[in-house]
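Inspection log for the structure reproduced underneath, given as structure tokens.
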Amino acid sequence: MNEPTQITDTKKRYAAGVLKYAQMGYWNGDYVPKDTDILALFRITPQDGVDPIEAAAAVAGESSTATWTVVWTDRLTACDMYRAKAYKVEPVPNNPGQYFCYVAYDLSLFEEGSIANVTASIIGNVFSFKPLKAARLEDMKFPVSYVKTFAGPPTGIVVERERLDKFGRPLLGATTKPKLGLSGRNYGRVVYEGLKGGLDFMKDDENINSQPFMHWRDRFLFVMDAVNKASAATGEVKGSYLNVTAGTMEEMYRRAEFAKELGSVIIMIDLVVGYTAIQSMSNWARQNDMVLHMHRAGHGTYTRQKNHGVSFRVIAKWLRMAGVDHLHTGTAVGKLEGDPLTVQGYYNVCRDTHTKVDLPRGIFFDQDWGALKKVMPVASGGIHAGQMHQLIDLFGDDVVLQFGGGTIGHPQGIQAGATANRVALEAMVLARNEGRDIKNEGPQILRDAAKSCTPLAAALDTWGDITFNYTSTDTSDYVPTPSVA
């Protein structure tokens, strides 16, 4: 890599024509980021023959003020301040041809409290830039002064636990299955059985909205009837995530208002509604004392590939600022993408007060979250009672463990499946609190608990050996990929 020289002679710098991005001032290897800068780390793969520093400068330019040619109107602005500055480029370990590119952006480039504006700048244009074979946004750092322009989660972990009166353990949930095709009445029956058996939550899946087989209003009515009956039967606060995702904001508000009228404690939206809609629903949830659950539907289209797209750790940061209370963040042991360390990094982003640099977990920047409330991570997708020790060891207490098929697919029925999960959870938490090594003793702890719980014994017999131990595509560049098997 050759250290380029910025053209400082005004006449030459603004002469009509084309200059390299580094020469225009989008590279500064001596730049020291300010406390008020927004920082971004990109993984870039330059085209053959393209100098990595020039590629980094192009990323900085195209994500801030540059265009392909010199424009004299730059001189009408404080262009030296507004130009993003690539300030460090280093090879990605064990990935020839890939480079980590650090870029600093002046805070005044961004609108306060707008994730839509952040994304339009940082990922809006540069990812289709021809000099790059591929680009991926790996991490970001936001100054606390900018973080404070966002309201963040409307409820947060602490208040949610107070409303539920449930402490000292993970929360339990399940997604109603099959997620499409049930009538409203049968859907409500599934919800009742799951909650009566010991779950804290049931939930809609990402693509259940309002279809010919079940209108959204029917679903809400039958589900809330089931929630109320299960709460009365168990003496516990129960809930079911009512998906209010719709084609317009007006319709989403209408569905959310109806959920509130029925007494729901929680509503749900999908990531695909977009960041402006997410922030709008977050404001509504805050004004109406409602927990807001976020399903990350669609994220894998741009988070999964290691060399191109956006890391989910960045999405998690954006969503914490945008203001969601629950966020699907991976299981590490289930059927969906994510190795243990990388997924733990996502959880830390959701739950930390101050996130520290942690390269094995993919965290490249310190992040002060100011007074933003914490997001409750959700582990969902291909998990079952036999993995309870792994889940608690990996993620601790502040997590929702959602067993969809692992509840509804139980050989003795839905209520038995819920009971199996609740007993497995209670047994594991008790063993941990007594000082036992649940990571290594977990299988035996579960077998001992199953001696007095037929549903748990059946669950272990059915799924005890089921794993999804495939190699993840998105792993740390700094440590070998660990296994949970």
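Cβ coordinates come from backbone N, Cα and C, glycine included.
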For this session: May I ask you to find which of ARG217, ARG296, ARG304, ARG351 Swiss-Prot records for the substrate site already listed with ASN125, THR175, LYS179, HIS328, SER380?
Result: ARG296
Seminar exercise, completed: LYS203 (Mg(2+) binding site) and THR175 (substrate binding site), compared by Cα position, are separated in whole Å by 5
Seminar exercise, completed: DSSP says LYS203 (Mg(2+) binding site), in three-state terms, is strand
Exercise. Quick one: Cα separation, ASN125 (substrate binding site) versus HIS295 (active site, proton acceptor), in Å?
Worked result: 26
Exercise. Given the recorded positions ASP205, GLU206, HIS295, which lie close to LYS179 (substrate binding site), meaning Cα to Cα within 10 A?
Worked result: ASP205, GLU206
Exercise. Given the recorded positions ASP205, GLU206, HIS295, ARG296, HIS328, SER380, which lie within 10 A of LYS177 (active site, proton acceptor) by CA-CA distance?
Worked result: ASP205
Exercise. Hey, what's the Cβ neighbour count for HIS328 (substrate binding site) at 10 Å?
Worked result: 24
For this session: Could you measure between HIS328 (substrate binding site) and ASP205 (Mg(2+) binding site) for me? Cα positions, answer in whole angstrom.
Result: 12
